[in-house]
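Just below is one structure, and these are the notes that go with it.
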Amino acid sequence: MTEIQAGAGVAGEATPDQVPAIELDEVVKEYVSHGEVVQAVKGVSMTIGEGEFFSLLGPSGCGKTTSMRMIAGFEEPTKGVVRLHGQDVTNVPPNKRDVNMVFQSYALFPHMNVWDNVAFGLKRKKVPDGEVRRRVGEMLEIVDLVGREKRRPREMSGGQQQRVALARALVNRPRALLLDEPLGALDLKLRQHMQIELKRIQREVGITFVYVTHDQSEALTMSDRIAVMNDGLVEQLAGPREIYERPATKFVAGFIGTSNLLSGVARAVNGSSAVLALGPEDRVIVPIKEAVAEGDTVELTVRPEKIMISTERPEGDLSMVEGTVSEVVYLGTYNSYAVALAGGAEITVFQQNVHDSTTTAERGDTVWLSWQPQHSYALQ
Amino acid sequence: MSRVRAALTPYALIFPGGVWLAIFFVVPTVVMLSLSLQSGNVADGFVFTWNWQSYVDGLTNYHDQIIRSLAYGLAATLIQIVIGFPVAYWIAFKGGRHKSVYLFLLLLPFLVSFVLRTISWQFLLSDNGMLLGPLKDLGLLPHDFRVLATPYAVIGGLAYNFLPFMVLPMYVALERIDPRVLEAANDLYANKFQTFIRVVFPLSLPGVFAGVLMTFVPATSDYVNASVLGGTNTTMIGNVIQNQYLVTQDYPTASALSFTLMALLLIGIFAYAKALGTEDVLEVAAR
Ligand SMILES: Nc1ncnc2c1ncn2[C@@H]1O[C@H](COP(=O)(O)OP(=O)(O)O)[C@@H](O)[C@H]1O
Ligand SMILES: [Mg+2]
């Protein structure tokens, strides 16, 4: 969360820049379909800072598009308030809002060439002709489409159409740019290229980006902050590192990367950590945030790359569990082990190929898994 | 073997349609062209004599009817655009889940025979019929007021009878517009009116174009509306041709007039396509 303040000027000074670019305040959106009320967004609050690259991440149907469409003005919230730069715009139509949207399907004007597509917004805003020419030209340079001004959208590749859509929105210098899964239709290579391009363009123009995606790696690599959404609610709102390292909920732990879920009864609680009972020889220590009483069941998560695998019971203040290897997969840069615990849980372990290509254990071996207690998190 | 078959497949597929066109279009057209250049009469038979006189006679005697047909066709087409566009627009954008119901309702009257429908209009609009009669009795209209036998009746009939052929292509074009594109316009500071003028209307033009083609041509060459709803001063070229064939039995003149009409319509269509900036008429119609 410190990242947002970074570009916002000296702390304590009430510059206009410190007014958040976008605020959603307890926003609810209900649809009526086939006589039934569907809550697409169930009460979402978030504050997006000026110049921030902010992602809405979550599985299909979790309400990302609906949230974004309320920011753009295509949908009116059933409840709650939308503010842009401190101004309540909850009932302001899209053409009166200073944000622009890049649609998933691009939604270019099929009857206009690239130039006219990009110039559309400026012309509606009655920007003088000379300035329209200059700004459209500049923008086409930024998105690398110089020389293709006369092309129609259908004469261009997906990646080029994508850049036209981006240019068409950015040329208006909106206070914020909304992108709804903008790279979803591109193949992997082009998508990775465009991710870098988008980051570069965002740095260059310094505009707030709100980026909707269901691709966790995309969100992790590009964003300053991420709101992980599930079923119409925000599960966690934090920077990528925090989201990955310290998932707040079971859902986040499961949705972002690979993670292991374990649960056990708290045997001893001392202030900031709890010792869980798993197998007789096992010892699992987990930091806790909320009050946990002895006898409570605690769920914890630990990432596969944080776990060490050994044939001997390790020494030291580590959490450790015993299990049987049920699968070993060689993946080049690392080996992946699946280890079955006595209680039935299965743990995935990634082991970097540091030394040579031999593995520590084979299928059927009994092994010890261990990790630093601070690498595991109790889930809410 | 399979290469040969693959090469022959397209020809095999167009064969039935090709035969159909050859028998029912090419053959009659050639026969008609030949007829238009023959001379003689029904009693003694016709002989091919390169007799261009039929064309000259047709144009000198009936240029009024030709011009009237083009004018009526044009008027009917314009009326259909004005009436049809809002209908197509409404069904495409406001029809919701019941679009096909509305389209069906639009087509419903047209399941009745063309001629019967026109005769019904004659009945409805007759001088003392169910529409005008009561109005005249109430003194709202003068007693000699009439709709039948006026150009209005004929143009109205034409506009009514070909309306679905205008609405359907317009509907298809409008329905194909991605709603996201309209949202994009709205997002880029265009209000509803600007969105309509800059985006919806231009994108509907291929449909309007196809609709104009499909209604102007049959309306211009129609004879049913003029003969059922019209009078002596509303005769169209279709009536003249019908009369020449069936009453006067002057086949060369009838054929020559048919060809003249066909040529005029073709010239009109290509000029129209040119004006819209497209060389290929069919490409536009198919878009
Ligand atoms: N116009 C609508 N009418 C009815 N239900 C809708 C509408 N738009 C979205 N929904 C529902 O709201 C939920 C969230 O949708 P959406 O915001 O599009 O999710 P996402 O973009 O995260 O995939 C889904 O269950 C979807 O079916
Ligand atoms: Mg979506």
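Placed from the backbone N, Cα and C atoms, the Cβ positions cover glycine too.
Quick look at what TrEMBL annotates:
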TRANSMEM  B:12-35  transmembrane segment
DOMAIN    B:66-272  domain 'ABC transmembrane type-1'
TRANSMEM  B:70-91  transmembrane segment
TRANSMEM  B:103-124  transmembrane segment
TRANSMEM  B:152-174  transmembrane segment
TRANSMEM  B:195-217  transmembrane segment
TRANSMEM  B:253-273  transmembrane segment
Distant-in-sequence neighbours of the transmembrane segment (B:152-174), which means Cβ under 8 A and at least six residues beyond its ends: 72-73, 75-77, 79-81, 83-85, 87-89, 91-93, 103, 106-107, 110, 114, 117-118, 121, 125, 200, 203-208, 210-212, 214-215, 218-219, 222, 224-226, 228-230, 234, 236
Recorded stretch that, among B:70-91, B:195-217, B:253-273, has the most CB pairs under 8 Å to the transmembrane segment (B:12-35): B:253-273
Distal contacts, the transmembrane segment (B:70-91) - CB-CB under 8 A, six or more residues away: 99, 102-103, 106, 151, 154-156, 158-159, 162-163, 166-168, 170-171, 174-175, 200, 204, 207-208, 211-212, 215-217, 219-221, 226, 234, 236, 264, 268
